[in-house]
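Straight from TrEMBL, the features:
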- B:46-66: transmembrane segment (TRANSMEM)
- B:73-90: transmembrane segment (TRANSMEM)
- B:140-163: transmembrane segment (TRANSMEM)
- B:170-188: transmembrane segment (TRANSMEM)
- B:219-239: transmembrane segment (TRANSMEM)
- B:266-286: transmembrane segment (TRANSMEM)
- B:292-311: transmembrane segment (TRANSMEM)
- B:318-335: transmembrane segment (TRANSMEM)
- B:355-383: transmembrane segment (TRANSMEM)
C-alpha cells in the first residue's frame, strides 16, 4: 500500500508548551485509521498542522505520489489538493439551506469569477440530491441548516465533506452527540468510505473505535505512543498507564 | 442575468417599480418638467439621496454580506467625485477663458489658454501650473475611466495588503479609517494638486450646456435613479447563486470556507474592490449635484455615518441599505436645514442642528440593541403576518 500522507519529525510549541513533539507517522492510500489519546495529546493540533491552520516549528508533511510539501501551502490550497476536514463541533453555514451548503462544498472550480458565473449543471443537481439522500437529509434539502438538529448538522457536515471528494478525510469526533442508531450509520459510512480513500478518525470513545475495527495510533504528549490493532494497543502497559494511571 | 434570476428574486422587481414611481413623481413635481410643487434645491436633495442609497448598497455588500466592516468607503465615494470634478472644472474654466480671450487683437496660443486656465483654477492656492494629475482633465472620457480606475486601484492595493496579512474585524475597520483619514489630510494640502481645503467648486455648471439648473437637476435625478437601479440589480446578481453563498459563508465562518478550498482572500478582495467602484460611481453622480467637493467630505466620520445608515436600514438585505440611507439622510437634511424650530426650555434651548446628532446616535444604539435587523426587519414581520 502506497503512502498518501507522511508526517515526519514534526514539532510545534505554543508559548513554550510542546503541543507536538517529533511526531512521525504515515497514512496509506485507502486506509481507515483511528487516532486516540487523552486530552492535550495533540490530536487537534495534528489536524491543524496537516490542514495548514498551524505552522509547525520543524518537520515535514509530505502528500501524495508527487510528494508535495503541504507546509508550504495555504489552507484553501491544501483543501483543493484533496484533504477534507470535519470539525468536532458541527460547522455548517447556519444561515443557508442544506442545498446551498452542499452545493458550495461540491467539487467544482473554486475561483471567484468561476463562482460568479456558475450555474448548477444537471449533474451537479443530481449529485446534491444523492448526497442529501446518503446522509439522510433528502427531506430537509431546502431547510435552513441552522434549524437542523445537532445530529442532522453532523450529517450535513459529513455530506459536505463527501461533496468535496477528498482523498483524505480528517474526521474529528464524528460520533459526538449522536444517538446509537446514528452512530451505527456513521460507523458503516466511514468503513465504506475508507475502501476508496483514506479516513482518519480522531475519537475519544473506545467503543466507537472498536466498531471501526481499524489500525489505531495512540498519541501522548505530542508524539506516537503506540500503534497497532485496538487490542494490541490497549494491552500495551504504557497506554494503560497513560489512560488509567492518572 | 437570465430571466430566472429575476423570477427567483421578486423583491428586485418591486424595488425597481418603486424607484421608477418615485422618479416619475419627482419629475412631475419638479419646476422644469412638471408642476413646480417642489423646489429645484429639493430635487437636488432627492437626487443626492439616490446617490447615497447607491453607496449604502456598496456598504451593505461589503459589510452586510461579506462581513468586512469597512469604515473607509466614503474615501472611494469622494475620489469618484474628485475625478469627475476635475473635468467639470477644467472644461468650464476653459470655456470662460476662451471667451474672454476671444476679443484680443492677436488670437491666443493654446499655451496661453492653458496658462490662463491654470491660473484661474490654481490661483486660489498660489499656483498656476497644472499638477501632473490633471493631465487627462481636458477629456471627459478619460476622467470617466479614472472615476472607476483610481478608487478601484486604491481598493485593490489596500485590500490586497490587508487581506493577505489576514487583518480582520476591528483591526481592519481601524485600518480603513486610517486610510480615509490619510487621504483626507493629504488632500487638505495645497501641494496635493486638488486645490487643498478649497476643493473643487462650481461643479453644478455643466460645460457647454446652457440648460437651467432646474432642468439639470432633473437630469441628474434620472441619472442617479438609473445608476441605483443598475447597481441594485448588479449587487443582487452578485449575492445570488454560489458566489453569494461563499461570500455569506466568509461572513459567518471564514476558516470553514478556507477548509472547503476557497481562497477567502480573493473573494474579499473582489468584493472590496467591486464595492469601491460602485461607491466611486455614486460619488461621481453626487458631487455635480452638490456643486462642491472638498477634503472634509471624506473625513473619517463620513464613512462611519455610512455604516450607521446600513445598520439602521438593516444589514444583509439590499433594500434595507437603500431604505436606511434614504430615511436617515433625508431626516438629517430636515433637522439640520433649520426647518425644525428649536425648543426653548427656559435655561436651555434645544437646537435641533446640534441635537440631531444625539438623536441619530441614540437611534443607532437602540436599533443595534433591540432591532438588529433594522428597518428592513419590518418586512419580515409583515411577511410572517401574511404567512399565518
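Every residue gets a Cβ built from N, Cα and C, even glycine.
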Ranked first among B:219-239, B:292-311, B:318-335 for CB pairs under 8 angstroms with the transmembrane segment (B:355-383): B:318-335
Among B:170-188, B:219-239, B:292-311, B:318-335, stretch most in contact with the transmembrane segment (B:46-66) (C-beta, under 8 angstroms): B:219-239
Proximity of the transmembrane segment (B:73-90) to the transmembrane segment (B:266-286), 3+ C-beta pairs under 8 angstroms: yes
Cβ-Cβ under 8 Å with the transmembrane segment (B:318-335): same-chain residues at least 6 beyond its ends: 11, 15, 45, 49, 52-53, 55-57, 59-61, 64, 228, 232, 235-236, 239, 305-306, 308-312, 352-353, 356, 359-360, 373-377, 379
Long-range neighbours of the transmembrane segment (B:219-239), counting only residues six or more past its ends (CB under 8 A): 1, 5, 9, 12, 15-16, 19-20, 22-23, 26-27, 30, 43-44, 46-48, 50-51, 53-54, 57-58, 60-61, 65, 211, 247-248, 274, 278, 281-282, 285-286, 288-289, 318, 322
Considering the transmembrane segment (B:266-286), which listed stretch of B:140-163, B:170-188, B:292-311 counts the most C-beta pairs under 8 Å: B:140-163
Residues of the parent chain within Cβ reach of the transmembrane segment (B:140-163), under 8 Å, 6 or more residues beyond its termini: 75-76, 79-80, 83-84, 86-87, 91, 172, 175-176, 179, 264-265, 268-269, 272-273, 275-277, 279-281, 284
